[in-house]
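What TrEMBL says about this one:
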type     : residues : note
TRANSMEM : 39-63    : transmembrane segment
TRANSMEM : 84-103   : transmembrane segment
TRANSMEM : 217-239  : transmembrane segment
TRANSMEM : 246-270  : transmembrane segment
TRANSMEM : 395-419  : transmembrane segment
COMPBIAS : 466-493  : compositional bias 'Polar residues'
REGION   : 466-497  : region 'Disordered'
Amino acid sequence: MFIETLAKLLHDIPHLNFHFKTVDKSFDLDFEGPYVQSIFIFCALSLLLALLLLLIIIVTWICQCCRRKTNNVRSRRRVRNLSTVLFILSLICFILLGVGLFGNDHINKGVNSAIASLDDVNRNVKLAISQCDNLNSTQYSAVQHVDELVKLVDRKTKEIPDINQTAYKEVDTALTAVSDKVEEIKTQLEKIGKILVDVKFLDKAEVYGDRIEFERWILGATLLSIMFAVLFAGIIAFCRQSRKGAIVFSGLGLAIFILAWIIFSVVFPLSIAHADFCVSGNKFLSSKLNKEIIESLHFYKTCEYHPTHDNVPPNIPLAKLSTHLTSIQEAETHLENLLNSFFNQSVEIQNATRLIDGDVSQAFKNIGALESTLSCYAIREDVVSMHEGFCTAGILGAIILSLSLLLMGIVLFVLLVVVSKSWDLFIRLPSDYVEVGEDDPFYPRAQDSAIPADIYGTHVFNPRTRFTNSMDRTEPSTGTTTASGLPNGQHPSTPLLDTAWQRNNASAPNASVPGSISANHNPNSVLRTSAYATEDPYRYRGFQEQFDV
């Protein structure tokens with residue numbers, strides 16, 4: 001009932017032709033008719049809405065490109081929030097794409113189920129046509145046997161010199177009745193044949209429907225998968241906060257935005273046409289099928305199972321044909337009794353009547369098989385499945401696919417408008433996204449007292465401890481220089497290494513190194529070889545090699 005209500009809502013949407021006048025909402029495939037014009041109007045309105053949204057996106061992007069950029073001051077929180085918003089919008093598009101794929105698959109399963117049921121109905125109809133052909137063959141054989149019996153009776157009558165005219169008239173009347181009833185069977189069989197042969201449209205609908213649905217499903221799944229891949233690449237770019245990725249996604253996202261609206265402009269009008277066919281498709285079917293077939297299909301939708309074989313549509317005259325065969329059998333039995341009495345149990349007459357009796361028995365078998373093929377329990381499930389697959393599952397899938405494409409088109413519009421903000425915010429700077437007053441990520445301000453003074457390396461002190469409370473804190477000296485002054489009141493112009501070398505020379509005044517300049521030779525010399533004995537021998541090796549004589 002819920003699906004029927006949705007189909008009725010789609011059917012109740014006003015249909016307008018190219019002159020914007022209301023037209024009949026009954027389904028029709030006349031491409032020059034007003035109904036097809038109304039379907040094209042729905043397609044044009046969808047494309048017009050897409051064009052309006054596309055224009056807004058382009059104007060927004062142009063304004064974003066022309067806007068004055070301020071890249072020197074940016075907030076990490078703002079970039080993170082923008083990345084989160086883009087991720088959420090892309091995730092919503094992912095969900096809608098999944099719903100669209102579900103709707104596309106739902107349509108495919110429903111239509112395939114309807115086509116499979118239609119195939120079973122066509123198979124039963126073809127079997128019924130074959131059984132009708134067998135019944136026609138039996139009827140033709142019975143006509144020939146009746147003609148042979150008539151000729152035999154005429155010949156036998158001429159051989160009798162004194163004929164009982166009363167008995168002869170009874171035989172002639174019975175024989176004429178059997179011949180007429182056999183001829184009437186042919187007329188009724190022709191009527192049944194015309195009804196069954198007219199279902200060739202259903203056979204064509206099965207072939208073309210299967211082909212069209214397969215191509216539609218493949219095309220829909222492929223296009224939605226392409227959109228899925230583009231959105232996946234966009235999510236990666238947003239998570240990495242990549243400017244190049246955001247720009248590339250902007251171009252590809254605009255392409256899938258246009259693609260989504262094009263698909264919607266095709267799916268939505270076809271969904272309306274689908275609903276129109278299921279609600280008011282009798283007018284179209286009456287132009288392709290005869291009235292008896294349409295009434296038979298309605299009979300199979302509502303019939304109840306019965307164990308008898310005569311539970312067939314009333315507009316197919318199988319019950320009348322079966323009754324007629326019963327009357328033929330009774331007339332044939334009466335004729336056989338008259339002939340046996342009139343011709344004194346003639347063997348030739350008995351053989352001829354036996355052939356007619358065999359034809360009648362074979363006709364009963366063919367009628368029983370035909371009734372079994374066209375009975376309610378043989379076709380009802382297929383007709384119900386055909387209706388539910390096409391007009392229930394198919395419409396539900398079409399509505400789901402249309403809504404998902406519409407919502408995804410709107411979300412993609414918002415996403416493409418918002419993504420233009422990332423063109424400026426996702427630019428990498430030397431001091432990227434650092435706010436004034438933010439804590440060190442490794443050593444927050446609450447742990448200042450726990451940070452060693454030389455945590456940043458030898459001779460490089462923690463800036464927080466170096467410039468905080470300078471009156472209360474003193475920096476350790478390395479023995480080479482100090483922040484407050486020089487040791488022993490040495491003049492700043494004195495070389496920095498003299499202090500250490502003089503200290504070492506004081507401990508060893510007569511020390512010297514063979515082959516080198518004496519320490520006492522020049523008191524102002526920058527090379528003091530006597531210091532090598534007590535300090536690291538490799539510390540001033542470069543200087544020694546430079547000044548070694």
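For all residues, glycine too, the Cβ spot is worked out from N, Cα and C.
Bear in mind that TrEMBL entries carry predicted annotations, made automatically and left uncurated.
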Contact between the transmembrane segment (39-63) and the transmembrane segment (217-239) (3 or more Cβ pairs under 8 Å, separation 6+): no
Closest-packing stretch to the transmembrane segment (246-270), where packing means Cβ pairs under 8 Å, from 84-103, 217-239, 395-419: 395-419
Distal contacts, the transmembrane segment (217-239) - CB-CB under 8 A, six or more residues away: 83, 86-87, 90-91, 93-94, 97, 100-101, 104-105, 107-108, 245-246, 248-249, 252-253, 255-256, 259-260, 263, 401, 419, 422
